[in-house]
């Protein structure tokens, strides 16, 4: 069955809702330097101010403007999510396709590594590595990518293997097509659904991990992060900061991840033709 | 009246617009009595399975059903789902084709067989006891009943499904392709069980695409085409005397052990189910359609065989009938009181040795010589009343020797154009027509080839040119007079296949004149054996080969066989 | 079957190898001194005496393969190291915390599986109807709210502002409760973390079962059952759901990683004294031996559960021996 993904996606209400949410949040995040009313590292103001026209969400314990901080933190989240997703998907794609095409021992080794990585709780590994090295954000992005590519490689490999046996690919090979041609024209386009799905899923994991790990205090505390905001806001809950400090951070994080969850569900519904159609079983 | 379908219509709603539907069943009326087995045959997509599901009200949610299914006098369309649930498996049960996970993969088979009994309130022990006896009856070895479906063979699973259907001893049984995935031995055993159940008084609806199984098990056969009943006939006539052109085409496509003729397939493709044509639904693929077939759909007509055929022409029509014909050359009587019929779309072989009169008979039919006595009737009109030239357009002839039948002065193009020129039909479209004809007989269409002369061509190529010439006027009857006997075996095989393909695609009738009963066996539906100017035997080909009645026929067959042995 | 065993053993060996790499090799690959890298927490001063003791303990003055042997021997004895910050053997610390985590994880795992399955089965059965659609959308939203956010919201709303539930701990300290009252106290403390952890898992189970059911409903055996006149509920659960839940079991292993992440945050937020809180404290104090110990125990537990699931799965799906 030929699927026109964009037309199908446009018809999917859940997917469109998710995408609109995500685009709104990420545009805000990207534009943070331009639209943030204050410098989020400027602590010249009075601390614990309530919401006002000047400080939309008030100020925090050391006088940062919470709204500006929130925008910058969202920026970190989106950056982290997108870059981890891109790297993990690329690794997964390359290893999955090559394992399926090369086969033999190479395939076996890659797949066993995939299985082993599935059994190891990635968050603990990340915490341990972070504790050893106190790495920069960029290193954490790469480390996280290195331990969560496995599901993508597995899916890509299975799909490539099944594609390999398809007649149109055999036919192209019989016509004398090179491996590069077959990859470009026949295999990679077919892998798009997996890639799209993997990207969203991994972005979601990464956004969550970034917030979670900074909440636990693993990140450099001077970076702006939703997790760090939550963790500090929780320390001052007795000061009634929950509505202007904690809740915005919690909601932003939730909305970002909800938007990704909606998109990923929509992608699954669109690309799995088996999930199409109604329950064609008899009415009892 | 255990099971009856009354004006049953089923449509499937497709996604999208409300009126976007395909018709699966169109106005089906059918009765199955106690102690009777009716089989439904047809190509895939003909609506067979829809009928099976409709009989138990198991159609999917996107199906729209009108008309009614009556079970033991109760119209099921008025029943609530709870009432229907009670009827299922108590009054009517179904055997599905063993395809995919038709048995639940995670439950032991004996539990699945016992389930209907337990649902009816029997104790678990009695139910299991009865089930194990029933599995035993279906020849599932003791001990294997405790296994899971995937641990059984396909044949065993099909028998488990049968045991499951019989466990509550319902009065009606629906069998949906029960033998599509089983071996020949299981098939025979299932046939025995089905016959036994019919004799015990069950009403059985057998859905199958296996025509010989339908002939073996059922009393009546109903032929379904694109949701329409085209014919119903006593099952013993299905293979030998089908009345509808579609049934004959099905029979031709079906591999029966005794038949040696190449499988033909039904010409054309089934109609699109989204739109209904105005006339007869089979018209586009029919070999004998006339004007009225395009205009309205046909009504059912009773046949003298005790069946019903839905056809404007009352079933397969006779194209030519030869009645008591005789012919002499001077004082030698070549044909003595010969009668013969040729149906529309039929392939008839005239077999006999040199001097038996087979060639004379063929040319009499072609109208090129006139009989001394008797009549030849072409489409209900005496041949003597039809204009000679007009009739010649309807008959194409391929001769024994292409070197003789094509003038050596003619190029390929001229040779094929000759009939057009003769009938004043050569115009600016003719070149295209000739190219098409060449393509049809698998010859090159370039100018270089068309300018070639007979001496530049091989025997096989030349015979193809002759065939193209015979077909250029789109005749209704093609006579092949020993058309392959001059060719070497591999070319002969190719030409035979070409002729059969052309016959099948164009749906024309064909007379094959040959001395070789081996060739006749490969190409014809029916064989007429001529001996000393008389037809000594005239039957469906496989009957003649398997069970020749006349001494002379036996000798012919033995001759072919022994010549083959001496070849070795 | 033999191939499958080989495969599983290879996976487990690789996993353990990876674990050893992280715990044993990584500190030794670091630039600088191993002891200082591993033991210099925030509140520990490493005296020369302690330094030498540690060098002896790990055999750091010996060749690397001897060091590895020493490491393995200690591991085999259940000795995961010593936390100089807590002044206790890592093993003891972990074993004290583990029961609370297991209580939380097991209960929530079972609860969410039951609730998620029932919702998934019922939702798929009325697919496309209003009930299904609203359930689906709400599940997707709950699925998107991270456990971290959910925990914080519950804590602020129900404990800090509402005051209906305790804000921390697994039981009231120094209360000396016994019997029923003791159990009630434990449950009282358990409710919020348990609800959060369960809620965070339900959507995953629900979506998995719903999709699996959608495919199962089309299987021919469901039609067979319907033709047999079996009652609706029995078709739904005995025939369809019985098959549809199989993917749940094959994915338990993958799910565990997710639950471990959840438990880490939820215990931290509710100050519930399990492995998660222990991890948080270890991070805060930079207590590397403790972190290593927790990782080791978690990985071994995951492997153990995978083995159990694997053995159990054969009972649930009779086809499994043929599938491989």
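A Cβ is built for glycine as well, from the same backbone N, Cα and C atoms used for every other residue.
Note that the structure is predicted; figures quoted are calculated from it, not measured.
As annotated in TrEMBL, transmembrane segment covers the listed stretch A:78-106 rather than the other ranges in A:78-106, A:165-193.
Here TrEMBL gives transmembrane segment for one range in the set A:216-241, A:242-267: that range is A:242-267. Remote same-chain residues near the transmembrane segment (A:78-106) are listed as 25-26, 29-30, 137, 141-142, 144-146, 148-158, 160-161, 164, 179, 183, 187, 191, 195, 198-200, 202-207, 209-210, 256, 260 (criterion: CB distance under 8 Å, separation of at least six residues from the stretch ends). Between the transmembrane segment (A:242-267) and the listed ranges A:12-36, A:113-133, A:139-156, the one holding the most Cβ pairs under 8 Å is A:12-36. Listed by sequence, the residues of this chain that lie at least six past the ends of the transmembrane segment (A:113-133) yet keep a Cβ under 8 A from its Cβ atoms are 139-140, 143-144, 147-148, 150-151, 153-154, 209, 212-213, 216, 218-219.
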